[in-house]
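Asker: Starting off with a structure, shown below.
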Amino acid sequence: MAGPSRRRRRLHLSKIYSYTCGKSSFQEDHSNIGGPGFSRVVYCNEPGSPAAERRNYAGNYVRSTKYTVASFFPKSLFEQFRRVANFYFLVTGILSLTDLSPYGAVSALLPLALVISATMVKEGIEDWRRKQQDIEVNNRKVKVHDGNGIFRQEEWRNLRVGDIVRVEKDEFFPADLLLLSSSYEDSVCYVETMNLDGETNLKVKQGLEATSSLLNQDSDFKDFRGVVRCEDPNVNLYVFVGTLALEEERFPLSIQQILLRDSKLRNTEYVYGAVVFTGHDTKVIQNSTDPPSKRSRIERTMDKIIYLMFGLVFLMSFVGSIIFGVETREDKVKNGRTERWYLKPDDADIFFDPERAPMAAIYHFFTATMLYSYFIPISLYVSIEIVKVLQSIFINRDIHMYYEETDKPAQARTSNLNEELGMVDTILSDKTGTLTCNSMEFIKCSIAGKAYGRGITEVERAMAVRSGGSPLVNEDLDVVVDQSGPKVKGFNFEDERVMNGNWVRQPEAAVLQKFFRLLAVCHTAIPETDEESGNVSYEAESPDEAAFVVAAREFGFEFFNRTQNGISFRELDLVSGEKVERVYRLLNVLEFNSTRKRMSVIVRDDDGKLLLLSKGADNVMFERLAKNGRQFEAKTQEHVNQYADAGLRTLVLAYREVDENEYIEFNKSFNEAKASVSEDREALIDEITDKMERDLILLGATAVEDKLQNGVPECIDKLAQAGIKIWVLTGDKMETAINIGFASSLLRQEMKQIIINLETPQIKSLEKSGGKDEIELASRESVVMQLQEGKALLAASGASSEAFALIIDGKSLTYALEDEIKKMFLDLATSCASVICCRSSPKQKALVTRLVKSGTGKTTLAIGDGANDVGMLQEADIGVGISGVEGMQAVMSSDIAIAQFRYLERLLLVHGHWCYSRIASMICYFFYKNITFGVTVFLYEAYTSFSGQPAYNDWFLSLFNVFFSSLPVIALGVFDQDVSARFCYKFPLLYQEGVQNILFSWKRIIGWMFNGFISALAIFFLCKESLKHQLFDPDGKTAGREILGGTMYTCVVWVVNLQMALSISYFTWVQHIVIWGSIAFWYIFLMIYGAMTPSFSTDAYMVFLEALAPAPSYWLTTLFVMIFALIPYFVYKSVQMRFFPKYHQMIQWIRYEGHSNDPEFVEMVRQRSIRPTTVGYTARRAASVRRSARFHDQIYKDLVGV
């Protein structure tokens, strides 16, 4: 144990500091505590006291498994039999135990048992893995106070509410803890929350001064007692309301004192904490809700096909039972027996009694439903699950979607939506971190009305290209750019006027100094000094913030240390010209949030002056300037607009001196608001800070570049050529979003922009003088009018409506999404080539996604990288998360994760198309083979006067779907490629086969079913007629049921497998093995099964070796049936490919006929793949060609005088 003196000698003050006061006062009403939602009471260090035990809080054992040992079988069986097909086979299996069954119970129940068992084994394995993870977590060890001043190792699962624990460096917190003290004197600790929100930057927590001063070592806890009264368990990770009672005093608690389970202690030797929430009451577990259940369109269509097949089965059973009942009633009795005596088993009179014909018909109905159950593909669901899992593995292991820089491959987090990737109609994309890198670089700034920095952004280059000029250069700049030295991450600034200390020679040096000081002081970054090199790096809450601190350092204002109440930095002194160290006392941090759109700090400089330093969005900051602080406003606004035009992210910087009395009053109100435990505490804090952040003096503005990711314009171009619509939903300013649209080729020069915003003079006037209701009414009317004008403009343009782009801001979007207006908005948006929604909130992103999904009825894909994109990702049919620098929340909420936007091209055009094509073909073929098999059963049943006698042996029936036809279908679903990846890129319109659902339309489904019916007719009638007069016995006996059934079954196995071989576009050795292996296995099985004793093999005893194999007619019949059964497919395919080829078939001809290197032939086909769209650089080049042609036409007309 370390005593307090030793601890203070070793670690006097932390290098990691909190920005809220550790000493809290309690002067606010706390009536919520003890009321609804705030009823939790924690007896610290007394978990076993009677008062604590009466509370009966949850233990710390966490179970993430779906099943327990006791519930596995009943619960998993219930899950399986919720599927209609499985329930149907269960019912038929139960009926097979009765006299109604046409076959043995074992052969009826075995296939169902195999399918159910396979799925249950899969469920069991997945749940066992979860169980192992639970065991590993629950058995972790942590030091727990035993009540006598000693901490002993204890497993996490045994923790109780009120326990005192000691967590050491790099350990995870075992529960939600109240931070009591740490190894640092100021009771702060550094916490990594990647497991909670995915963010990699470290968070700072600080205990109360009241506990940190009392609890310095293990022995101090022997007599420690305290009572926490706080909120009940909830999902809010960022808010905690409670109080701590120590002796006679109470202290307010906030999230700043709470250490959440599954976060990790970093850069701190140890902390002491009291357990507040355990197990499933912890915030991380409260947040671990299941993502929304998503099902693909193909799956939903498949369910309808299953219901159709059920209807067909019941219809056939009904018709057959009616016919059977009529024939039974008319069956005459002669000489003590009926005319159809040969149909009646000895012990089954009731089924064939002419006196009880209606009852016989009813019994036959149940027999027929069992007999025709083979129309329903019992193994379809499990086969599709296997295929989708294997497809997901291929996606995960695709080296072309692996991002080496961050070591991140693609990750299919769910396999349910693979085929949906090939059906996407609209992509809704975030901008920052998705289209751009979210790696900010300080590139320009405006100080005292003068622009600095001459770096050229990607957007400016795109603007120059589209205007036909040279890259934009600021006319005010006449400087020499110093290109020496290595490039600094986060800093891409070029301007010698302010670099290398030259700023001191500028006329506005005093303003420049204040500007750079603000960059060095107004932030929440943490400096970390490398002990070997002495270099300082920064841990910041956002890439923007890190870029500002790095920029300040490069300008000569190096922030190098932070204490609990101070910020230290080095700067060049204006008077002496030497580097000096300055320490500003940090008094308050007014934190940034999306509502305030600004952050400020209140500091006392080394001259004793109180300063408020603030930075924020231009629309928020300009309205807060004092009358005497607007000296550079017009010029700064102009520069901000220019920066936005260049696609840069801007912030405005301002400051003011604060009067001592004003600060005292503010600080009192501010601390009281922070100490409040009322529900409106955050609103109260915002109100108080709003009053302080007024009458500011403008210094200038910053501009940072978030560059487009590599390959974004090319990816967007290819997706546009595939016919996919792309919407951008961003929180950025309209000007920034528009110019990113140009840089990414979403927009181009000739595209007409329909801009909808509320920047009209009327609205601005009302915002200054009108009431809230009046503003809302005028705003709504303005949005409606602008939407109507946009629709009229589109209507007037006629067929060229794709040349329009819709751009709408967040305020207008609020009204456009209202129930009465949203259809008008959607109609306009879907008629435009590009849509950009600016200043969008996370909720608006989700609502727009929902509107597009429900309004168009087509597949939507949302892609984003931040926590603000989670709602959008979960609302879309497919959510794609970018594993970028904003953390992992988007990835954790997504269906598929990729590292770069450009990988979306391969994910959709290649994997999406392949998965769609494979699954569609697989399901169609499944129903084809089952109809082929089932119709032969029905025809034989009709041929035998609906006697209920099956055409095939029991085991033949049972094993058809399991062993003789399923593996080739699975191989098709995993390996087939109708078109190679190279041709998917070359002919992007191929993707429209999925969007238009060409390969799984009802026309194609019915066509495959009809093909199965034709195959069954050929098999049954050819087999029946060819064997009718054939002898299969030395005694002269003709073919019986076992001979006809064996021959028909052989033909079915050959036909369905050869049909599969004909349907495959891309053969692999696996497909050869499973197709020819399935056929060979039938003969092997027939020989082995037929060689078994007659009691087991029944009528199949020696049928192959003694009857079928020696008979030439068996082999000739099989050959001719195969040919005649497949001829209709050959004829159809030939006519269809000759006169009505699908697009993938045209591309296949290019490959098969050797035209892939014939430029003219390829260009002819490729032209069909290029849609007349204005999105993408291909469209831009085409427009350039058209402009050039018009230009030359005009010159020609001028020359000839036309």
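Every residue gets a Cβ built from N, Cα and C, even glycine.
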Asker: Could you tell me whether Swiss-Prot assigns Leu97 and Ser669 to the same side of the membrane?
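Answerer: That fails: Swiss-Prot puts them on different sides.
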Asker: Mind checking which residues reach the transmembrane segment (100-122)? Cβ under 8 Å, same chain, six or more beyond either end.
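Answerer: For the transmembrane segment (100-122), the nonlocal Cβ contacts are 76-77, 80, 86, 89-90, 92-93, 363, 366-367, 370-371, 378-379, 381-382, 385, 948-950, 954-955, 957-959, 961-962.
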Asker: Which Cβ among the recorded positions (Asp430, Asp865, Asp869) has the fewest C-beta neighbours inside 10 Å?
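Answerer: Among the recorded positions Asp430, Asp865, Asp869, the sparsest Cβ neighbourhood within 10 Å belongs to Asp430.
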Asker: Please report how many Å separate the Cα atom of Asp869 (Mg(2+) binding site) from that of Asp430 (active site, 4-aspartylphosphate intermediate), as a whole number.
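Answerer: On Cα coordinates alone, these residues lie 7 Å apart.
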Asker: What three-state secondary structure does DSSP assign to Asp865 (Mg(2+) binding site)?
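Answerer: The three-state answer is coil.
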Asker: Whole-number Å only: compute the distance from the Cα of Asp430 (active site, 4-aspartylphosphate intermediate) to the Cα of Asp865 (Mg(2+) binding site).
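Answerer: The Cα atom of Asp430 (active site, 4-aspartylphosphate intermediate) is 8 Å away from the Cα atom of Asp865 (Mg(2+) binding site).
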Asker: Please figure out which one of 74-95, 306-327, 1070-1090 racks up the most CB pairs under 8 Å against the transmembrane segment (921-940).
Answerer: 306-327
Asker: What stretch, picked from 74-95, 955-974, 1005-1027, 1041-1063, 1108-1132, has the most CB pairs under 8 A with the transmembrane segment (1070-1090)?
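Answerer: Per the Cβ count, the answer is 955-974.
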Asker: When secondary structure is assigned with DSSP, how many helix, strand and coil residues does the topological domain 'Cytoplasmic' (1064-1069) contain?
Answerer: 1 helix, 0 strand, 5 coil
Asker: What stretch of 74-95, 306-327, 955-974, 1041-1063 shows the most Cβ pairs under 8 Å to the transmembrane segment (1108-1132)?
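Answerer: The stretch with the most contacts is 1041-1063.
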Asker: Go through the chain and flag residues at least 6 beyond the ends of the transmembrane segment (1005-1027) whose CB is under 8 A from any CB in it; none is fine as an answer.
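Answerer: 301, 305, 924-925, 927-936, 939-940, 943, 1038-1039, 1043-1044, 1047-1048, 1051-1052, 1055-1056, 1059, 1113, 1116-1117, 1120-1121, 1124-1126, 1128-1129, 1132.
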Asker: What is the average pLDDT across the topological domain 'Cytoplasmic' (383-920)?
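Answerer: 84, rounded to a whole number.
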Asker: Restricting to CB pairs under 8 Å, which listed stretch, 306-327, 365-382, 1041-1063, is in contact most with the transmembrane segment (74-95)?
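Answerer: Selected stretch: 365-382, with the most Cβ pairs under 8 Å.
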